[in-house]
Amino acid sequence: MTTPAQPPPPSSPQPPPPPKTVRKLVVEIADARNLLPKDGQGSSSPYVVADFDGQRKRTATKFRELNPTWNEPIEFIVSDPDNMDYEELDIEVFNDKRYGNGSGRKNQFLGRVKLNGSQFAKRGEEGLVYYQLEKKSVFSWVRGEIGLRICYYDELVEEAPPQPPPQEEQPIQTVAEKPNTPEAVVEEARMFELPPQGEVGHNDSNPPPVVVIDEPPPQEMPVHSEPPPMEVNAPPPAEGQFAPEIRKMQNNKVAGFGEGVRVLRRPNGDYSPRVINKKFMAETERIHPYDLVEPMQYLFIRIVKARNIAPNERPYLQIRTSSHYVKSEPANHRPGEPTDSPEWKCVFALRHNRPDTANTTLEIAVRDSPSDQFLGGVCFDLSDVPVRDPPDSPLAPQWYRLDVGAGDQQTTKITGDIQLSVWIGTQADDAFPEAWCSDAPHVAHTRSKVYQSPKLWYLRITVIEAQDLHIASNLPPLTAPEIRIKAQLSFQSARTRRGSMNNHSASFHWNEDLVFVAGELLEDSLIILVEDRTSKEVVLLGHVMIPVDTVEQRFDERYVAAKWFSLEGGNGGESYSGRIYLRLCLEGGYHVLDEAAHVCSDFRPTAKQLWKPAVGILELGILGARGLLPMKTKDPGKGSTDAYCVAKYGKKWVRTRTMTDSFDPRWNEQYTWQVYDPCTVLTIGVFDNWRMYSDAAEDKPDYHIGKVRIRVSTLESNKIYTNSYPLLVLQRTGLKKMGEIELAVRFACPALLPDTCGVYGQPLLPRMHYLRPLGVAQQEALRRAATKMVATWLGRSEPPLGSEVVRYMLDADSHAWSMRKSKANWFRIVAVLAWAVGLAKWLDDIRRWRNPITTILVHVLYLVLVWYPDLIVPTGFLYVFLIGVWYYRFRPKIPAGMDTRLSHAEAVDPDELDEEFDTIPSSKPPDVIRVRYDRLRILAARIQTVLGDLATQGERVQALVSWRDPRATKLFIGVCFTITLILYAVPPKMVAVALGFYYLRHPMFRDPMPSASLNFFRRLPSLSDRLM
């Protein structure tokens, strides 16, 4: 190996240490509403106690006030900012006994609120949120709500100079203090309460000093088979670290990864998921943090810079091993600096197989790009390269002297050094996400990446009225002007209905809501246009532009004040064209839907303050794919596929690296998501990369290879599922299998604990969806707008996620018309009602005595239930319980994938498929459209007949007492009166036994013709004879 060069002596002093910051949490206690009276005189004297991170503070007491107002800010010091998301803030409201009747021995409890640290917003993003007061125990009586405004900020703190050592005559301190931080005492990561300003302590009269907290480095916690609640909410990674976002398998965690795959039998053919048995998926008593994927060995080369090399223009790096050859981009010279010290600051990751490369070497050469002149190189023996396993610290780069190559013709003298480091690791290495990989050479479009969806808001515009509008005076008599308001936000636009005019003034009223989707950073402006549509030509009466970032935000149903806005730029160009009265607000209490409702992966509201704590962690290991079909042609007669995976859950999107020219790619990348609701869906899609060739050819969209959905609620807690799912694509020619993808999934959460099971009793959507619901058509239009905004946002990333990828992952066309989907939904309804049909057939067999023994047993059971009616409800629930226990044997063993039989995709008419893929408006010739229209008319006629039959049966029921048929009504009410007299005279049990035995009578006593009651019902009149 090349001998390391000696580094030069330092020429400058060490830089000063970075300034320390203290994070402070500000909790403003605004007010409370509708508190419970506790003083025995119909009132309460409440005060609030806030507890956070071992610090406890309280507000002033409001004398006899059930709706108190404090507006008191309380500050807390956050001892560990990295773990603030997992701290809890306790807000408790008490009644002060000193202001009551004096009978209580302690302050009465009025309610509390517990908030998680993940709900805290940064300063400037906070808002007033009202929280319902909760009980402390089952027997507590609590009502009302409290308004809080919570935020945090980081404050720079200057370190105090170190104090001189204590003299001998000074008393010995009983509490050991940390050097250089004598201002506070921290014990077991908890901070003692600081006395408020102005109060005097027992032993010290000085005011409390500033607290400086040294942040300890994060420690790794082992993951057990049943993780405690603190491990479910694992601390987030520090900034600058990418590895926790893309988690890969460590090679020392699992052995035997090279073993072949053994496939189990699949009863449903090639279109069903299958279990993969491998050694790394075996369940053990201890769950390791990187155990879902196989380890992949890589040779990492980190090259930082060079110094004192020969004169050059744009030097580049050339790396060569026995099986790899890669080149870097030319180095960039900073303006004003010499060209003999180029910088690359890049990392290369080359696939490495230790048995095959034990006796090979690694050659790193520096060459000048215009002339390809050799500027020097270094050589390493791969058998001496160290192995690094996280969490080991990264290897520090060293200076190596550049030597002369063996086969290079030298025209200049080789001088200079190069700073680099070489090690062997796995895809769990911190440097892997940003490295140039040998199996993914086009770094700009092939590297793995984590994306975040933009923060979306609903912008609600309430158009109330407009005044002083300059309306044309030459209107015909008795013609009211048609004034409408048009609102535009980016590509979205909506128009109100016709305004109603006040007879006593020239004002117009609407009181209509318009809702748009607004995305962060709220840089757009809302344009309000007032239009006169009385004549054929639209006349603009005025407009106003309102920046969205100036609109007030609200998180609940509280009232927002309306404002008057002056209109400008009317038809005549006047500076003042009237004014309009609007109520604007950004709704943070809604969840902005960007996915189809049945496959939604997140239901959290926009406002972070309203989020609930996470209930678990979803871990996904993307192992690889098998048998992918060729998607493009590189060379004549040679197919190729450049596949990558995209997984989406919640606001987080992940993308694996692209495996170029491989039909069996192996990604082995692991990702994690926080789960806030288990009744959500994880979506994984596989795509063929076309944008990696955009520089050499035209920019083509990435083609989808297939998609898999996994519902989180179907996963058992803390169990690893390693399965292979078929990748299916429905094309115009029919269903096509594109290959298989191998996935490993685990939902880590406490099993059957209140935090997890309590989610099932909570509303699916946030509170505002039920207080002020949005219409179905309106919500679908907003979803299309949100999908377009997400696609635009992710398209700006590097590497970009194309709009076709986002739309495919979000099921943007899920509500498009399809004859196949209509048939699938019809047969789903038939399958749901199959139990009722089966029950009817079973009863018919009983009453026909097909099995006499069963019929006799039913007689006995019926007698028992009639004579002991109290057993009916318990027997029914016991029956349901036994059914659930019985079906436990047939529970799904693996998360289900796409079901081709349920989707009716196996045998579809080609014309129906072609119609499903047709655009709107249609792009087909008129003859094809006419045939499809006629077919749709035939189907609609059948539906029309069924709807008419249902309406007829309902109208016959109404005709029983409507006297449309007098004789039938007389018979019906006469029979009802007779039954009333019989039920008054005869015990009900005897009547029930008689009716039951009559229904179950033997066929020899049964008439094959329809019963009299059925004949009577069929003769009742309906309204069908009155239809035209």
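Just so you know, the numbers here start at 1 and follow the chain as drawn.
Keep in mind that glycine also has a Cβ here, set from the backbone N, Cα and C atoms.
Residues annotated as region 'Disordered' in TrEMBL: 1-21. According to TrEMBL, the feature compositional bias 'Pro residues' maps to 1-20. Among the features that TrEMBL reports, domain 'C2' is placed at 5-130, 280-400, 437-565, 599-725. Residues or ranges marked as transmembrane segment by TrEMBL: 863-888, 971-1000.
Mean pLDDT, taken over the domain 'C2' (599-725), works out to 90 on the 0 to 100 scale. Sequence-distant neighbours of the transmembrane segment (863-888) (same chain, 6+ residues past either end, Cβ-Cβ under 8 Å): 989, 992-993, 996. Looking at which of 280-400, 437-565, 599-725 has the most CB pairs under 8 Å to the domain 'C2' (5-130), the answer is the stretch 599-725.
Sequence-distant contacts of the transmembrane segment (971-1000) (same chain, at least 6 residues past either end, Cβ-Cβ under 8 Å): 846-847, 855, 858-859, 862-863, 866-867, 960-961, 1016. Sorting each residue of the domain 'C2' (437-565) by its DSSP state yields 7 helix, 65 strand, 57 coil. The domain 'C2' (280-400): residue composition by secondary structure is 5 helix, 51 strand, 65 coil, according to DSSP.
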